[in-house]
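Copied over from Swiss-Prot:
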TRANSMEM  8-28  transmembrane segment
TRANSMEM  50-70  transmembrane segment
TRANSMEM  78-98  transmembrane segment
TRANSMEM  100-120  transmembrane segment
TRANSMEM  132-152  transmembrane segment
TRANSMEM  177-197  transmembrane segment
TRANSMEM  212-232  transmembrane segment
TRANSMEM  239-259  transmembrane segment
TRANSMEM  266-286  transmembrane segment
TRANSMEM  297-317  transmembrane segment
TRANSMEM  324-344  transmembrane segment
TRANSMEM  361-381  transmembrane segment
Amino acid sequence: MTYLILLGASICLFPFWEVTMLTLAFIIPMSLTYLNINFTFSFSSELIWLTPIGTALIFLTLMVTLLVLIGTYNIKNYKYIGCLSSLNLVLMMAFCVCDFLTFYVMFEVSLIPTLLLILLWGYQPERMQAGFYLMLYTVTASLPLLLLLLYLYYTVGSLNFYIIMVYYSFNNNPLMLVGLMMAFLVKLPIYTCHLWLPKAHVEAPLGGSMVLAGVLLKLGGYGLYMLINFIISKSSSLVISVIITLSLWGAVIASIICIQQVDIKALVAYSSVAHMSLVSAGILMMSNWSYTCAKMTMIAHGYTSSALFVLANLSYLKIKSRSLMFMKGLLAIFPAMAFYWFLFSCMNMAAPPTLNFIGELLIIPSMYIASYMLLILMCIIMFISAGYSLYMYMTVNHGELGLYITPSIQLKNVDYHVLTAHLLPTFILLIPQLFSV
(Lines of atoms letter the chains of each structure in order from A; the text may use other names.)
(Lines give C-alpha, C1' and ligand atoms only; values in the text may rest on other atoms or scores of the structure.)
Protein backbone atom coordinates (compact mmCIF):
# COMPACT_ATOMS: atom_id res chain seq x y z
CA MET A 1 0.00 0.00 0.00
CA THR A 2 2.93 2.32 0.64
CA TYR A 3 3.98 1.87 -2.99
CA LEU A 4 0.47 2.77 -4.15
CA ILE A 5 0.59 6.04 -2.22
CA LEU A 6 4.04 6.86 -3.58
CA LEU A 7 2.80 6.21 -7.11
CA GLY A 8 -0.23 8.39 -6.37
CA ALA A 9 2.09 11.16 -5.21
CA SER A 10 4.11 10.87 -8.41
CA ILE A 11 1.00 11.79 -10.43
CA CYS A 12 0.87 15.16 -8.66
CA LEU A 13 4.45 15.87 -9.79
CA PHE A 14 3.60 15.17 -13.46
CA PRO A 15 0.00 16.37 -13.96
CA PHE A 16 -0.31 15.35 -17.59
CA TRP A 17 -3.27 13.36 -18.92
CA GLU A 18 -1.22 10.56 -20.49
CA VAL A 19 1.08 10.15 -17.47
CA THR A 20 -1.85 10.14 -15.05
CA MET A 21 -3.78 7.58 -17.10
CA LEU A 22 -0.80 5.23 -17.34
CA THR A 23 -0.06 5.52 -13.62
CA LEU A 24 -3.67 4.85 -12.64
CA ALA A 25 -3.83 1.91 -15.05
CA PHE A 26 -0.80 0.49 -13.22
CA ILE A 27 -2.04 1.27 -9.67
CA ILE A 28 -5.59 -0.10 -10.00
CA PRO A 29 -4.58 -3.76 -10.66
CA MET A 30 -2.19 -3.48 -7.70
CA SER A 31 -5.00 -2.23 -5.45
CA LEU A 32 -7.14 -5.22 -6.47
CA THR A 33 -4.71 -7.50 -4.64
CA TYR A 34 -5.71 -5.84 -1.35
CA LEU A 35 -9.45 -6.44 -1.81
CA ASN A 36 -9.62 -10.19 -1.18
CA ILE A 37 -8.00 -10.06 2.25
CA ASN A 38 -9.29 -12.20 5.09
CA PHE A 39 -8.89 -9.89 8.08
CA THR A 40 -10.93 -7.35 9.94
CA PHE A 41 -8.17 -4.94 10.95
CA SER A 42 -4.49 -5.14 10.04
CA PHE A 43 -1.47 -2.91 10.38
CA SER A 44 0.71 -2.60 7.31
CA SER A 45 3.29 -0.26 8.88
CA GLU A 46 3.52 2.37 11.59
CA LEU A 47 1.76 4.93 9.41
CA ILE A 48 -0.28 2.85 6.97
CA TRP A 49 -3.24 0.88 8.32
CA LEU A 50 -5.60 -1.24 6.25
CA THR A 51 -9.17 -2.41 6.78
CA PRO A 52 -11.44 -4.23 4.32
CA ILE A 53 -13.66 -1.16 3.92
CA GLY A 54 -10.62 1.11 3.62
CA THR A 55 -9.13 -0.95 0.79
CA ALA A 56 -12.51 -1.03 -0.98
CA LEU A 57 -12.78 2.76 -0.73
CA ILE A 58 -9.21 3.17 -2.02
CA PHE A 59 -10.13 1.02 -5.03
CA LEU A 60 -13.29 3.12 -5.47
CA THR A 61 -11.21 6.33 -5.34
CA LEU A 62 -8.78 5.10 -7.99
CA MET A 63 -11.58 3.83 -10.24
CA VAL A 64 -13.62 7.03 -10.03
CA THR A 65 -10.53 9.17 -10.70
CA LEU A 66 -9.70 7.07 -13.76
CA LEU A 67 -13.29 7.28 -15.03
CA VAL A 68 -13.33 11.06 -14.49
CA LEU A 69 -10.23 11.44 -16.65
CA ILE A 70 -11.71 9.23 -19.37
CA GLY A 71 -15.14 10.88 -19.19
CA THR A 72 -13.63 14.37 -19.44
CA TYR A 73 -10.94 13.46 -21.98
CA ASN A 74 -11.47 16.79 -23.77
CA ILE A 75 -10.08 18.64 -20.70
CA LYS A 76 -6.33 18.05 -20.58
CA ASN A 77 -5.39 21.22 -18.72
CA TYR A 78 -2.53 20.44 -16.32
CA LYS A 79 -4.26 22.44 -13.56
CA TYR A 80 -7.37 20.28 -13.87
CA ILE A 81 -5.32 17.08 -13.87
CA GLY A 82 -3.32 18.38 -10.90
CA CYS A 83 -6.51 19.06 -8.88
CA LEU A 84 -7.83 15.56 -9.54
CA SER A 85 -4.47 13.92 -8.82
CA SER A 86 -3.96 15.76 -5.53
CA LEU A 87 -7.52 14.94 -4.46
CA ASN A 88 -6.91 11.30 -5.36
CA LEU A 89 -3.75 11.23 -3.21
CA VAL A 90 -5.41 12.91 -0.22
CA LEU A 91 -8.35 10.49 -0.30
CA MET A 92 -6.08 7.44 -0.57
CA MET A 93 -4.15 8.61 2.49
CA ALA A 94 -7.35 9.34 4.42
CA PHE A 95 -8.57 5.77 3.94
CA CYS A 96 -5.39 4.12 5.25
CA VAL A 97 -4.00 6.29 8.07
CA CYS A 98 -3.84 4.94 11.62
CA ASP A 99 -4.54 7.99 13.78
CA PHE A 100 -7.35 10.50 14.03
CA LEU A 101 -5.24 13.65 13.65
CA THR A 102 -3.81 12.60 10.28
CA PHE A 103 -7.29 11.56 9.18
CA TYR A 104 -8.65 14.96 10.24
CA VAL A 105 -5.94 16.75 8.24
CA MET A 106 -6.72 14.69 5.13
CA PHE A 107 -10.44 15.22 5.77
CA GLU A 108 -9.98 18.99 5.66
CA VAL A 109 -7.35 19.16 2.90
CA SER A 110 -9.72 17.31 0.54
CA LEU A 111 -11.89 20.45 0.52
CA ILE A 112 -9.25 22.52 -1.30
CA PRO A 113 -9.10 20.58 -4.62
CA THR A 114 -12.89 20.15 -4.49
CA LEU A 115 -13.40 23.89 -4.09
CA LEU A 116 -10.98 24.61 -6.95
CA LEU A 117 -12.84 22.19 -9.24
CA ILE A 118 -16.11 24.01 -8.54
CA LEU A 119 -14.74 27.56 -8.79
CA LEU A 120 -12.42 27.14 -11.78
CA TRP A 121 -14.41 24.72 -13.94
CA GLY A 122 -17.99 25.40 -12.85
CA TYR A 123 -20.44 26.65 -15.45
CA GLN A 124 -22.37 29.51 -13.84
CA PRO A 125 -21.72 32.55 -11.61
CA GLU A 126 -23.65 30.79 -8.82
CA ARG A 127 -20.61 28.52 -8.34
CA MET A 128 -19.23 31.17 -5.96
CA GLN A 129 -22.23 30.68 -3.69
CA ALA A 130 -21.88 26.89 -3.98
CA GLY A 131 -18.23 27.11 -2.92
CA PHE A 132 -19.18 29.34 0.00
CA TYR A 133 -21.84 26.87 1.19
CA LEU A 134 -19.38 23.98 0.85
CA MET A 135 -16.75 25.65 3.02
CA LEU A 136 -19.22 27.13 5.51
CA TYR A 137 -20.96 23.85 6.32
CA THR A 138 -17.98 21.51 6.32
CA VAL A 139 -15.39 23.71 8.05
CA THR A 140 -17.80 24.99 10.71
CA ALA A 141 -19.00 21.48 11.54
CA SER A 142 -15.45 20.13 11.81
CA LEU A 143 -14.20 22.70 14.35
CA PRO A 144 -15.78 20.91 17.37
CA LEU A 145 -14.18 17.68 16.13
CA LEU A 146 -10.74 19.32 16.15
CA LEU A 147 -11.20 20.64 19.69
CA LEU A 148 -12.37 17.25 20.96
CA LEU A 149 -9.47 15.47 19.26
CA LEU A 150 -7.08 17.83 21.06
CA TYR A 151 -8.88 16.99 24.31
CA LEU A 152 -8.46 13.27 23.58
CA TYR A 153 -4.76 13.78 22.93
CA TYR A 154 -4.41 15.64 26.23
CA THR A 155 -6.30 12.83 28.04
CA VAL A 156 -4.78 9.73 26.41
CA GLY A 157 -1.47 11.04 25.04
CA SER A 158 -2.07 9.63 21.56
CA LEU A 159 -4.63 9.72 18.77
CA ASN A 160 -3.82 6.25 17.44
CA PHE A 161 -7.01 4.27 16.83
CA TYR A 162 -6.15 1.28 18.99
CA ILE A 163 -4.55 3.25 21.83
CA ILE A 164 -7.69 5.37 22.16
CA MET A 165 -9.89 2.27 22.09
CA VAL A 166 -7.88 0.62 24.89
CA TYR A 167 -7.14 3.57 27.19
CA TYR A 168 -10.10 5.92 26.73
CA SER A 169 -13.50 5.29 28.31
CA PHE A 170 -16.30 7.27 26.67
CA ASN A 171 -18.75 8.73 29.19
CA ASN A 172 -21.85 9.20 26.96
CA ASN A 173 -21.67 13.00 27.19
CA PRO A 174 -24.39 14.22 24.75
CA LEU A 175 -22.54 17.40 23.75
CA MET A 176 -19.34 15.45 23.12
CA LEU A 177 -21.25 12.92 21.02
CA VAL A 178 -22.74 15.63 18.82
CA GLY A 179 -19.42 17.45 18.53
CA LEU A 180 -17.57 14.32 17.46
CA MET A 181 -20.16 13.23 14.91
CA MET A 182 -21.27 16.55 13.43
CA ALA A 183 -18.38 16.88 10.95
CA PHE A 184 -19.10 13.44 9.49
CA LEU A 185 -22.90 13.87 9.47
CA VAL A 186 -22.48 17.09 7.47
CA LYS A 187 -20.03 15.42 5.09
CA LEU A 188 -22.34 12.44 4.41
CA PRO A 189 -24.69 14.49 4.53
CA ILE A 190 -27.88 13.74 6.48
CA TYR A 191 -31.01 15.82 5.95
CA THR A 192 -30.92 19.24 7.71
CA CYS A 193 -27.14 19.37 7.07
CA HIS A 194 -27.44 18.83 3.33
CA LEU A 195 -28.00 22.26 1.74
CA TRP A 196 -24.43 22.53 0.48
CA LEU A 197 -24.63 19.28 -1.53
CA PRO A 198 -27.29 20.13 -4.17
CA LYS A 199 -25.68 23.54 -4.74
CA ALA A 200 -22.22 22.01 -5.14
CA HIS A 201 -23.48 19.33 -7.53
CA VAL A 202 -25.49 21.71 -9.70
CA GLU A 203 -22.58 24.14 -10.10
CA ALA A 204 -19.72 21.61 -10.31
CA PRO A 205 -18.35 20.32 -13.64
CA LEU A 206 -18.81 16.66 -14.54
CA GLY A 207 -15.52 15.61 -12.92
CA GLY A 208 -16.33 17.47 -9.72
CA SER A 209 -19.79 15.89 -9.45
CA MET A 210 -18.41 12.39 -10.08
CA VAL A 211 -15.71 12.68 -7.42
CA LEU A 212 -17.99 14.44 -4.94
CA ALA A 213 -20.80 11.87 -5.19
CA GLY A 214 -18.57 8.86 -5.79
CA VAL A 215 -15.89 9.29 -3.13
CA LEU A 216 -16.02 12.45 -1.01
CA LEU A 217 -19.35 11.63 0.64
CA LYS A 218 -17.88 8.25 1.66
CA LEU A 219 -15.20 10.11 3.60
CA GLY A 220 -17.94 11.08 6.05
CA GLY A 221 -19.21 7.51 6.28
CA TYR A 222 -15.71 6.13 6.82
CA GLY A 223 -14.97 8.72 9.51
CA LEU A 224 -18.24 7.97 11.30
CA TYR A 225 -17.48 4.23 11.15
CA MET A 226 -14.03 4.73 12.71
CA LEU A 227 -15.45 7.09 15.33
CA ILE A 228 -18.12 4.59 16.39
CA ASN A 229 -15.67 1.67 16.50
CA PHE A 230 -12.82 3.30 18.41
CA ILE A 231 -14.22 6.13 20.55
CA ILE A 232 -17.98 5.87 21.04
CA SER A 233 -18.08 2.03 20.82
CA LYS A 234 -21.47 0.58 21.83
CA SER A 235 -22.78 3.81 23.31
CA SER A 236 -26.45 3.68 24.33
CA SER A 237 -26.96 7.43 24.47
CA LEU A 238 -30.32 8.91 23.56
CA VAL A 239 -28.45 11.15 21.09
CA ILE A 240 -27.65 8.10 18.93
CA SER A 241 -31.33 7.13 18.77
CA VAL A 242 -32.33 10.68 17.88
CA ILE A 243 -29.77 10.86 15.04
CA ILE A 244 -30.89 7.47 13.66
CA THR A 245 -34.52 8.64 13.62
CA LEU A 246 -33.54 11.99 12.09
CA SER A 247 -31.52 10.20 9.39
CA LEU A 248 -34.43 7.97 8.38
CA TRP A 249 -37.01 10.75 8.43
CA GLY A 250 -34.56 12.88 6.47
CA ALA A 251 -34.22 10.11 3.89
CA VAL A 252 -38.03 10.06 3.52
CA ILE A 253 -38.17 13.84 3.04
CA ALA A 254 -35.20 13.86 0.62
CA SER A 255 -36.86 11.10 -1.42
CA ILE A 256 -40.09 13.13 -1.64
CA ILE A 257 -38.09 16.20 -2.70
CA CYS A 258 -36.55 14.11 -5.51
CA ILE A 259 -39.99 13.63 -7.07
CA GLN A 260 -40.52 17.41 -7.10
CA GLN A 261 -37.22 18.27 -8.81
CA VAL A 262 -37.05 19.62 -12.35
CA ASP A 263 -33.22 19.79 -12.52
CA ILE A 264 -31.75 16.36 -13.28
CA LYS A 265 -28.53 17.03 -11.33
CA ALA A 266 -30.45 18.26 -8.30
CA LEU A 267 -32.58 15.10 -8.42
CA VAL A 268 -29.49 12.87 -8.35
CA ALA A 269 -27.99 15.01 -5.57
CA TYR A 270 -31.06 14.63 -3.35
CA SER A 271 -31.11 10.90 -4.02
CA SER A 272 -27.56 10.86 -2.63
CA VAL A 273 -28.85 12.53 0.54
CA ALA A 274 -31.46 9.78 0.91
CA HIS A 275 -29.01 6.92 0.36
CA MET A 276 -26.28 8.33 2.59
CA SER A 277 -28.83 8.86 5.37
CA LEU A 278 -29.30 5.07 5.33
CA VAL A 279 -25.52 4.71 5.66
CA SER A 280 -25.44 6.92 8.76
CA ALA A 281 -28.38 5.04 10.32
CA GLY A 282 -26.72 1.69 9.60
CA ILE A 283 -23.43 2.72 11.19
CA LEU A 284 -25.08 4.19 14.28
CA MET A 285 -27.08 1.01 14.94
CA MET A 286 -23.75 -0.66 15.79
CA SER A 287 -24.65 -4.23 14.79
CA ASN A 288 -22.78 -6.52 12.41
CA TRP A 289 -25.70 -6.57 9.97
CA SER A 290 -26.06 -2.79 9.93
CA TYR A 291 -22.29 -2.28 9.51
CA THR A 292 -22.32 -4.62 6.51
CA CYS A 293 -25.32 -2.77 5.07
CA ALA A 294 -23.60 0.61 5.46
CA LYS A 295 -20.40 -0.60 3.80
CA MET A 296 -22.21 -2.18 0.85
CA THR A 297 -24.43 0.86 0.37
CA MET A 298 -21.42 3.21 0.39
CA ILE A 299 -19.56 1.22 -2.27
CA ALA A 300 -22.63 0.66 -4.45
CA HIS A 301 -23.73 4.29 -4.22
CA GLY A 302 -20.25 5.45 -5.24
CA TYR A 303 -20.49 3.78 -8.62
CA THR A 304 -24.21 4.37 -9.18
CA SER A 305 -24.31 8.10 -8.41
CA SER A 306 -21.16 8.77 -10.42
CA ALA A 307 -22.69 7.00 -13.44
CA LEU A 308 -25.96 8.93 -13.07
CA PHE A 309 -24.05 12.21 -13.24
CA VAL A 310 -22.30 10.97 -16.39
CA LEU A 311 -25.70 10.17 -17.94
CA ALA A 312 -27.10 13.53 -16.82
CA ASN A 313 -24.16 15.29 -18.50
CA LEU A 314 -24.52 13.28 -21.72
CA SER A 315 -28.23 14.12 -21.84
CA TYR A 316 -27.43 17.78 -21.17
CA LEU A 317 -25.04 17.82 -24.14
CA LYS A 318 -27.87 16.62 -26.38
CA ILE A 319 -30.61 18.91 -25.03
CA LYS A 320 -28.54 21.90 -23.79
CA SER A 321 -30.72 21.97 -20.69
CA ARG A 322 -30.85 20.09 -17.38
CA SER A 323 -34.58 20.70 -17.01
CA LEU A 324 -36.79 17.60 -17.05
CA MET A 325 -39.43 19.70 -18.81
CA PHE A 326 -37.27 19.71 -21.96
CA MET A 327 -35.37 16.43 -21.49
CA LYS A 328 -37.87 13.97 -22.99
CA GLY A 329 -38.09 11.17 -25.53
CA LEU A 330 -34.37 10.33 -25.74
CA LEU A 331 -35.18 6.64 -26.23
CA ALA A 332 -36.28 7.33 -29.81
CA ILE A 333 -32.93 8.89 -30.78
CA PHE A 334 -30.39 7.43 -28.35
CA PRO A 335 -31.58 3.89 -27.50
CA ALA A 336 -28.17 2.78 -26.19
CA MET A 337 -28.03 5.68 -23.74
CA ALA A 338 -31.61 4.93 -22.69
CA PHE A 339 -30.53 1.36 -21.94
CA TYR A 340 -27.87 2.64 -19.54
CA TRP A 341 -30.43 5.02 -18.02
CA PHE A 342 -32.62 1.99 -17.32
CA LEU A 343 -29.78 -0.05 -15.78
CA PHE A 344 -28.56 2.67 -13.45
CA SER A 345 -32.09 3.72 -12.50
CA CYS A 346 -32.70 0.10 -11.44
CA MET A 347 -29.47 0.17 -9.45
CA ASN A 348 -30.47 3.47 -7.85
CA MET A 349 -33.76 1.93 -6.68
CA ALA A 350 -31.79 -1.11 -5.33
CA ALA A 351 -33.21 -3.72 -7.69
CA PRO A 352 -31.72 -7.24 -7.51
CA PRO A 353 -29.15 -8.67 -8.10
CA THR A 354 -27.00 -5.57 -7.58
CA LEU A 355 -24.87 -4.64 -4.58
CA ASN A 356 -27.33 -1.81 -3.86
CA PHE A 357 -30.12 -4.35 -3.30
CA ILE A 358 -28.09 -6.51 -0.91
CA GLY A 359 -26.96 -3.46 1.05
CA GLU A 360 -30.50 -2.16 1.62
CA LEU A 361 -31.90 -5.65 2.23
CA LEU A 362 -29.45 -6.37 5.06
CA ILE A 363 -30.51 -3.33 7.07
CA ILE A 364 -34.09 -4.60 7.43
CA PRO A 365 -33.32 -7.11 10.28
CA SER A 366 -31.43 -4.41 12.18
CA MET A 367 -34.35 -2.01 11.77
CA TYR A 368 -36.81 -4.64 12.99
CA ILE A 369 -34.70 -5.45 16.06
CA ALA A 370 -34.31 -1.77 16.95
CA SER A 371 -37.93 -0.71 16.41
CA TYR A 372 -40.79 -1.68 14.12
CA MET A 373 -41.36 2.04 13.49
CA LEU A 374 -37.89 2.28 11.95
CA LEU A 375 -38.77 -0.69 9.75
CA ILE A 376 -41.87 1.14 8.52
CA LEU A 377 -39.74 4.20 7.70
CA MET A 378 -37.28 1.98 5.82
CA CYS A 379 -40.08 0.46 3.73
CA ILE A 380 -41.37 3.95 2.88
CA ILE A 381 -37.87 5.00 1.81
CA MET A 382 -37.47 1.96 -0.46
CA PHE A 383 -40.91 2.55 -2.01
CA ILE A 384 -40.33 6.25 -2.73
CA SER A 385 -36.80 5.49 -3.98
CA ALA A 386 -38.28 3.18 -6.60
CA GLY A 387 -40.80 5.88 -7.45
CA TYR A 388 -38.36 8.72 -8.14
CA SER A 389 -35.92 6.42 -9.97
CA LEU A 390 -38.69 5.29 -12.34
CA TYR A 391 -39.89 8.89 -12.64
CA MET A 392 -36.39 9.98 -13.65
CA TYR A 393 -36.04 7.20 -16.23
CA MET A 394 -39.52 7.63 -17.72
CA THR A 395 -39.29 11.42 -17.94
CA VAL A 396 -35.90 11.48 -19.66
CA ASN A 397 -36.39 8.61 -22.09
CA HIS A 398 -40.10 8.25 -22.81
CA GLY A 399 -42.84 10.55 -23.98
CA GLU A 400 -42.97 12.96 -26.88
CA LEU A 401 -39.61 14.09 -28.20
CA GLY A 402 -38.60 17.47 -26.81
CA LEU A 403 -38.68 20.47 -29.15
CA TYR A 404 -35.32 21.77 -27.95
CA ILE A 405 -33.13 18.79 -28.80
CA THR A 406 -30.05 19.77 -30.81
CA PRO A 407 -28.82 17.91 -33.91
CA SER A 408 -26.06 15.56 -32.77
CA ILE A 409 -24.45 12.21 -33.40
CA GLN A 410 -24.70 9.07 -31.29
CA LEU A 411 -22.57 8.66 -28.19
CA LYS A 412 -18.89 7.95 -28.67
CA ASN A 413 -17.36 4.62 -27.74
CA VAL A 414 -15.52 6.24 -24.83
CA ASP A 415 -18.87 7.19 -23.26
CA TYR A 416 -20.05 3.57 -23.40
CA HIS A 417 -16.76 2.42 -21.89
CA VAL A 418 -17.13 4.83 -18.96
CA LEU A 419 -20.70 3.71 -18.25
CA THR A 420 -19.83 0.02 -18.52
CA ALA A 421 -16.86 0.51 -16.19
CA HIS A 422 -19.27 1.96 -13.60
CA LEU A 423 -21.59 -1.00 -14.02
CA LEU A 424 -19.22 -3.93 -13.64
CA PRO A 425 -17.83 -3.32 -10.10
CA THR A 426 -21.29 -3.49 -8.53
CA PHE A 427 -21.48 -7.12 -9.63
CA ILE A 428 -17.79 -8.05 -9.30
CA LEU A 429 -17.31 -6.69 -5.76
CA LEU A 430 -19.63 -9.22 -4.11
CA ILE A 431 -16.76 -10.59 -2.00
CA PRO A 432 -17.77 -11.64 1.56
CA GLN A 433 -14.38 -10.74 3.07
CA LEU A 434 -14.65 -7.23 1.68
CA PHE A 435 -17.56 -6.40 3.98
CA SER A 436 -16.57 -8.45 7.02
CA VAL A 437 -16.92 -6.79 10.42
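Using the three backbone atoms N, Cα and C, a Cβ is placed for every residue, glycine included.
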When counting Cβ pairs under 8 Å to the transmembrane segment (50-70), the leader among 100-120, 297-317, 361-381: 297-317
Closest-packing stretch to the transmembrane segment (212-232), where packing means Cβ pairs under 8 Å, from 78-98, 100-120, 177-197, 239-259, 361-381: 177-197
Sequence-remote partners of the transmembrane segment (297-317) [C-beta within less than 8 Å, at least six residues beyond its ends]: 53, 56-57, 60, 63-64, 67, 71, 201, 206, 209-210, 213-215, 217-218, 221-222, 264-265, 268, 271-272, 275-276, 278-279, 282, 327, 330, 337, 340-341, 344, 347-348, 354-356, 359-360, 363, 396, 408, 411, 415, 418-419, 422-423, 425-426, 429
Long-range Cβ neighbours of the transmembrane segment (361-381) (under 8 Å; 6 or more residues past either end): 244-245, 248-249, 251-252, 255, 274, 278, 281-282, 285, 287, 289-290, 292-294, 296-297, 350
Intrachain neighbours beyond the transmembrane segment (132-152), with Cβ under 8 angstroms and 6 or more residues off its ends: 100-101, 104, 107-108, 111, 114-115, 118, 159, 164, 168, 176, 178-180, 182-183, 185-187, 189, 193, 195-196, 199-200, 231
